[in-house]
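Pasting a structure below so you can have a look.
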């Protein structure tokens with residue numbers, strides 16, 4: 001009995017000693033119960049996770065609230081940093097392109113300046129030669145045109161009017177709508193008739209003498225009569241032809257169509273001036289009539 005009691009007591013003492021050792025080890029960190037060790041492991045894991053997040057390892061925290069906050073902070077930080085880096089790279093690329101273009105332009109300008117300042121011979125530089133050439137080109141053109149115009153002579157301007165002996169006549173009439181008919185106009189020897197006739201003759205002579213094709217052959221213009229119808233003037237044109245070309249000139253240069261068209265074009269070009277000076281001299285173009293006479 002006593003032996004059994006001693007064994008039981010010894011066993012109890014060993015259990016107490018073990019429990020004491022377990023508690024001591026737990027205090028010293030050498031041995032801990034399973035539950036306490038699990039809690040510490042969870043805490044250490046959370047600490048590791050928080051440290052990992054703070055170091056930018058992007059590891060989620062075991063704590064939901066902390067995980068949400070850390071994730072938002074992490075996304076905002078990374079987003080801000082990413083955009084800044086993107087814009088910095090874009091701006092840097094634009095600056096690099098601009099610097100490259102500026103460098104190329106400066107290089108081109110420097111190369112052109114260098115080429116222009118090259119010495120062609122002695123102290124004459126390339127830019128001097130270019131300026132001299134640009135100045136000389138228009139001067140040479142002007143001088144050439146002047147010399148050519150002075151030397152050149154139109155063959156048609158060379159003619160002897162004394163050789164034009166064969167007369168060629170055209171008769172016709174036209175209307176002066178701005179004139180008021182007077183009985184004195186029926187008499188070609190009256191002052192009013194002679195004045196109006198002289199003005200009309202000068203007008204016709206000027207238009208034919210100024211014609212490049214007909215001017216050399218024109219001899220004179222005459223007013224033969226005036227008649228009523230406002231005032232209708234009858235006229236006669238005289239041209240003189242050289243003997244050797246008279247047939248050709250009658251058929252072409254001095255044909256009725258040519259002489260008539262020159263007169264009619266002149267009348268269409270005139271302005272219907274109603275002033276006291278030139279208004280009465282206006283000739284109605286559609287009233288012009290002409291026919292050839294021998």
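Quick reminder: no glycine exception, Cβ is built from N, Cα and C everywhere.
Because TrEMBL annotations are produced automatically, they should be read as predictions rather than curated entries.
Features from TrEMBL:
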| type | residues | note |
| --- | --- | --- |
| TRANSMEM | 126-147 | transmembrane segment |
| DOMAIN | 166-294 | domain 'SEA' |
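Would you situate these features in the structure and describe their surroundings?
Here the transmembrane segment (126-147) has Cβ contacts under 8 Å with residues 115-120 of the same chain, all six or more residues outside its ends.
Counted with DSSP, the domain 'SEA' (166-294) comes out as 52 helix, 38 strand, 39 coil.
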